[in-house]
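Chemist: Can you read through this structure? Questions will come right after.
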Amino acid sequence: MEKSSLDADCCALNTVLVEEKRGHLIPNGNAHQGVNGTLICGPISAATGAISSAAAEKKKGYPERETWTRQMDFMMSCVGFAVGLGNVWRFPYLCYKNGGGVFLIPYVLFIFLGGIPIFFLEIALGQFMKAGSINVWNIAPLFKGLGFASMVIVFFCNTYYIMVLAWGFYYFIKSFSSTLPWSTCDNPWNTENCIEIFRHVLSFMNVFLHLRNKVLNISDGLDEPGAMNWEMLLCLMAVWVMVYFCVWKGVKSTGKIVYFTATFPYVVLIILLVRGVTLPGAYDGIMYYVKPNWSKLGEAQVWIDAGTQIFFSYAIGLGALTALGSYNRFNNDCYKDAFVLAFINSGTSFFSGFVVFSILGFMASEQGVDISKVAESGPGLAFIAYPKAVSMMPVAPVWAALFFIMLLLLGLDSQFVGVEGFVTGILDLFPGKYYMRYQREIAVAICCLLCFIIDISMVTQGGMYVFQLFDYYSASGMTLLWQAFWECVVVAWVYGADRFMDDIARMIGYRPFPWMKWCWSFITPCVCMGIFLFHLLNYKPLTYNNVYVYPWWGEVIGWCMALSSMLCIPVSFVYKLSGAKGTFREIDHNASPTQCLLPNTH
């Protein structure tokens, strides 16, 4: 049965190649190479001389696949998804920690060794196969587990990432007050040790206590879930409702929303930079950020941090880029797009550092301490260091509201594009005969509701411990590197790097520079596996705030989340292999796309 299916696909692709050879397939943006990851022979249009993808889709019972209204919709969606919170709160911290400007040397190197090649691979694969993250791997049926692995990772990301948006939304609402709640000592959550350094400015510890005692109301451990924080539950619900209505109508509506959610944060960043550089101490902060420390280049951790940051910030391995690419017109120049998007992503990270460290320099100057004492990464920067800094500025609520609306929008488009990628992959699994009118709306609602139910565990007093479990294990550097490694191996060595380069040339009209093929075949897999092994060998048990050590059963849950995606690839491979008949050589020959890609000359 599997063999006959493969033969049918080969026949279909042979027909496509023959028509293309005769000049019948004109890349006008409407001739799809495949439908839902399956290559289909459609009737040749008398008007255009091209195989009608719409007719092919109707023949199979699939609704015609949406495409972006404008190509800029795709670019904005990719910017919105890939440029997120990590660009603002993780890259600047890594840069100053790893030698300032020196960090840019390994960072830029890894952009070309790993970031752009895989970023381009995922977009091009989706555009060529016209399918989401699961069905694109029909190019190598034995490795379809790659698609399921990416779906597991993006589901976990969708589940826990939104908690940061809920916290940001809470802080944004609280910013609409004449006095910021974390800038006074007359709150119920303040301790008797609360000190106002001067009017409406608290010590760093008091701002931390606002997050710990009021926002999180954190318990003593993972085994003490405690009571639910109803304010945070309402914020979480509000953010999920926003995500749902951004995604429910598909790319036609998503492509419009990202024009605001992807661009407005840049407006806020520029405003904050202008304000930041005018503050005392800003120059010292910026110099602390960019001043090179050449001795750091000899440390392995600097190179590992650079490589890991690329995979995080480029949103590689999640399958969402593949889903976004699948809505492109067939002849879209995705090669050029990959370079433009990479420049925007990394440029935003570097630019954000000036914004962050100009403010941190001011805060260090006001407190009379070294900048290293106030520099934070991750949620610590967003919900402790920056709230403390804005409380020291004139008209503090305005700057607080601007910062948290930027934080909310940066995360919101990453979140709803992640949900879009997950839903696209799920819907592609259902044959056309199961299609119904409100299929997408229902699928998005189920996805959001399921994630929301899991998120309820994160708005309890023990919720922060649950959040850290998800963050540390489910979508960690190891899972993304494992995924990226196998993507390169399967495309380059199973499907064939030269064959994929030909497919890309068929789409964009020219062959990309051979560097891409060399990266997919040798360089990028070595980079991914090298960093993966470094993380594995230097693994440390999870702790919270360097004090609380997670119980053994908490670590077991974490490793189960990590392995739930990583094992998809070998388990799926063994399952498909065990269900096939014949010797391994015969199975490999039947499942190989080699015969499918030879033009039918008869």
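From the backbone N, Cα and C atoms, a Cβ is placed for every residue, glycine too.
All annotation found in TrEMBL is predicted automatically rather than curated by experts.
Keep in mind it's a predicted model, so treat the numbers as computed, not measured.
What TrEMBL records for this protein is below:
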BINDING   Gly80, Ala82, Val83, Asn87, Ser313, Asn345, Leu410, Asp413, Ser414  Na(+) binding site
DISULFID  Cys185-Cys194  disulfide bond
TRANSMEM  74-92  transmembrane segment
TRANSMEM  104-125  transmembrane segment
TRANSMEM  146-173  transmembrane segment
TRANSMEM  227-247  transmembrane segment
TRANSMEM  259-283  transmembrane segment
TRANSMEM  303-327  transmembrane segment
TRANSMEM  339-364  transmembrane segment
TRANSMEM  398-430  transmembrane segment
TRANSMEM  442-460  transmembrane segment
TRANSMEM  480-497  transmembrane segment
TRANSMEM  518-536  transmembrane segment
TRANSMEM  556-575  transmembrane segment
Chemist: Out of 227-247, 303-327, 556-575, which stretch has the largest tally of CB pairs under 8 angstroms to the transmembrane segment (104-125)?
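Modeler: If we count Cβ pairs closer than 8 Å to the transmembrane segment (104-125), 303-327 scores highest.
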Chemist: When the number of other CB atoms within 10 A of each residue's CB is tallied over all shown chains, which of the binding-site residues Val83, Leu410 has the maximum?
Modeler: Leu410
Chemist: Name, in the order they occur in the sequence, the residues of the same chain whose CB lies under 8 A from the CB of Gly80 (Na(+) binding site) and which sit 6 or more residues away.
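Modeler: In sequence order, Val258, Thr261, Ala262, Asp413, Ser414, Val417 meet the Cβ cut-off.
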Chemist: What other residues of the same chain, not counting Gly80, Ala82, Val83, Asn87, Ser313, Asn345, Leu410, Asp413, Ser414, have a CB atom within 8 A of the CB centroid of the Na(+) site?
Modeler: Val79, Phe81, Gly84, Leu85, Gly86, Ala262, Ala315, Thr348
Chemist: Determine which residues of the chain contact the transmembrane segment (518-536) at the Cβ level, with the cut-off under 8 Å and only residues 6 or more beyond its ends counted.
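Modeler: Answer is 110, 113-114, 117-118, 121, 300, 304, 307-308, 311, 476-478, 481-482, 484-485, 488-489, 491-493, 497, 500.
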Chemist: In the same chain, which residue numbers or ranges, 6 or more beyond the ends of the transmembrane segment (74-92), come under 8 angstroms Cβ to Cβ?
Modeler: 68, 119, 123, 164, 251, 254-255, 258-259, 261-263, 265, 269, 289, 309, 312-315, 320-321, 324-325, 327-328, 332, 337, 340-341, 344-345, 348-350, 352-353, 355-357, 377-379, 381-382, 406-407, 410-411, 413-414, 417-418
Chemist: What residues elsewhere in the chain lie close to the transmembrane segment (556-575), defined as a C-beta under 8 angstroms and at least 6 residues from its ends?
Modeler: 142-146, 148-150, 152-153, 156, 469-470, 472-474, 476, 478-479, 482-483, 486, 542, 550
Chemist: As a test: from 146-173, 227-247, 480-497, pick the stretch that has the greatest number of Cβ pairs under 8 Å with the transmembrane segment (442-460).
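Modeler: That would be 227-247.
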Chemist: For the transmembrane segment (339-364), which stretch among 146-173, 227-247, 259-283, 398-430, 480-497 has the most Cβ pairs under 8 A?
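Modeler: Per the Cβ under 8 Å count, 259-283.
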Chemist: Counting across all protein chains shown, how many other Cβ atoms sit within 10 Å of the Cβ of Ser313 (Na(+) binding site)?
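Modeler: I get 24 for this one.
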Chemist: Which one of these stretches, 146-173, 227-247, 398-430, has the most C-beta pairs shorter than 8 Å to the transmembrane segment (259-283)?
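Modeler: Result: 398-430.
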